[in-house]
Amino acid sequence: VEEESGQELGLDRSTAKDFHFYHMDLHDSEDRLQLFPEENTRMRKEVVQAEMANESRGAGDGKAQRDLQEEVDELVHLYGLEDDHELGDEFVDENMPRTGVSEYPPYVMKRRDPAREQRDWRLSGETVEAEDLGFGGWGSAGQCQDLREAYRYTPGRASEEYECYVIPEEEDEEEAADVFCVTCKTPIRAFQKVFDEHKEHEVIPLNEALESAKDEIHKNMYKLEKQIIEMENFANHLEEVFITVEENFGKQEQNFESHYNEILETLAQKYEEKIQALGEKKKEKLEALYGQLVNCGENLDTCKELMETIEEMCHEEKVDFIKDAVAMADRLGKFLKAKTDVEISAQPEFEDQTLDFSDVEQLMGSINTIPAPSAPVINPQAPNSATGSSVRVCWSLYSDDTVESYQLSYRPVQDSSPGKDQAAFTVTVKETYCSVTNLVPNTQYEFWVTAHNRAGPSPSSEHAVYMTAPSPPIIKTKEIRSCEEAVLICWESGNLNPVDSYTVELTQAESPEASDVTESVVGIPTCESLVQLQPGRSYIIYVRALNTGGPSVRSEPAAVHTIGSYFRLNKDTCHPWLIISEDGLSVVRSERRIPARDLSSSDTRFTRCVAVMGNLIPVRGHHYWEVEVDEHLDYTVGVAFEDVTKQEDLGANCLSWCMRHTFASSRHKYEFLHNRTTPDIRITVPPKKIGILLDYENSKLSFFNVDLSQHLYTFSCQLHEFVHPCFSLENPGCLKVHNGISMPKHVTFY
């Protein structure tokens, strides 16, 4: 447009090329136009046209035009209108006459000028006011500031050819908080603890606060889940009551409808009968009156005829009169002798009808007199419908009987047969279900139910046997054995009657209150279970018992650590001369002895060798434990099969591998015995703590001096079965076992 205008007017291109005009539909120009009055659009067009007309006039007006252009550029730059490059096409028509300057600033854009880019767009308040007043009195400094805010663009919206000067936004970039103020319960920066109001407050690391908040939320979520379950159960109960109300209403409505229909039918029948009888009486009365009316009319006609005949006779001659008078006298005598009935044969009144409503009254009374209900149908026990002390019994009605209440009776079952000699307990409810409480765990009960209304009770339902859930098992914490890969858990049932199965639940020890179960082993038929675990972890173990009634509550928890091998000494194998400590990790031989002749031989208890075995978990892999000994004590430590002969010394057969120490005359003798043989090995430093490594994978048994990290000896064993640690004391003293510990580094090489 500018080029064509320059050719027509003969202008120098250097003057015209500084102005380019663009449409208003770029960069939210519609919003910007709302800042100016609509009636001033024509004046803005005239401003642009007047400037272009002044540029085409001679050199005499060039200087004034350039001054005007500089002022326009400054205002355009001030208002951020550089990229509004489509205003010209909308407001400028090159064929229109160019007029003088308007009071509104022109909407123009200029090409990028490096010198112009260096200009400070932050004009002082005085400059803005001076330019505004000098340019037709356009607004005040405050209005200019409003325009600056209105024309503030976001970065990246300017075109590639023309630059939009963006008013920079001041961003407050604060440093991220790195600690948490416990007192204020808000994240803060570390330096605020030293210099700010948080100086005396307690602060913790942000990660610790985050974990604490997560734990708290997790606990609250667990409580919320429990509350949700309770509310869902309550909602289900309300729904059942709602359904029961609907069913009872339907039954009552149907009962009323049937009775009232029967009453209406009876009344309609009686009405028809009475109306029919009344109509017959009406017909009979009308027929009698009609016959009497006909007779009366005939008599009246006869009387009139006789009167006419007598009148005619009176006008006859005497002779004729006499002749006819005799006959007439006879006729009149006969007519008058006949008796005329002037009594009304039927009275217009009807007799009062006696209405018999006895049957209707009986029907009306039957509305309130409902029949006794039929026998309910008791449902079999549903899975998981019982606890250790309660059971939920359900029944139903297959008829439309009206029931006001139910009576549930029950009694315990003894020796697989109902206890008929025992008194039955009863519970009265209005719903078709009942939760019976205060029952004995893992016990069968016989239930039956009757329905009642004001007419009486129904026959009894069939008898059904329900069973309460078992009591929680009791974990034998002293018999728990573990290693790095597994744990062997033993428990007592805690129930007189047998249960169907057991379930073992494991939870990470770091979150014992968490509801999530790390692992669950179900369908365990016996009172022990070998569970595979991850090494280096701590677990909390629970056990549940299950039967047809459902699961028991959790047992008391037991802690398990998969760090090394953990076992206790087996009292069932202990020689009578030995005493095992309460924790099962120490064995003591006292001075007093029971005479050897009083010791009876046994397959499980040592009698010849004063020894005891440990209960090692039956898991193949690596097992390591340590034994604290007295260097002046005669002892034997090692491993043996469970069926090792208890009447022989350890190491005297092929079923045991042992290290034996004897002390005599200030000399230490060490033997590594298997089947009564030992290698020729000398140990110069008596160990005070012996480490024992059992390696099932490589069939080896190694002994170490723990204090010196010294390897003593290694057996190559034929471990076709599981072995157990064994300990023997030849004279009074004590051995202390250390287990459940990590394997030392020097042990891993063997």
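Even glycines carry a Cβ here, placed using N, Cα and C.
Unlike curated records, TrEMBL annotations are generated automatically.
Because the structure is a prediction, the values reported are computed rather than measured.
Range 261-288 is the one annotated as coiled coil, of 233-260, 261-288, 345-372 (source: TrEMBL).
If you average pLDDT over the domain 'Fibronectin type-III' (472-565) in this model, you get 88.
Each residue in the domain 'Fibronectin type-III' (472-565) gets a DSSP state, and the totals come to 3 helix, 46 strand, 45 coil.
Sorting the domain 'Fibronectin type-III' (376-471) by DSSP state (H, G, I as helix; E, B as strand; all else coil) yields 0 helix, 46 strand, 50 coil.
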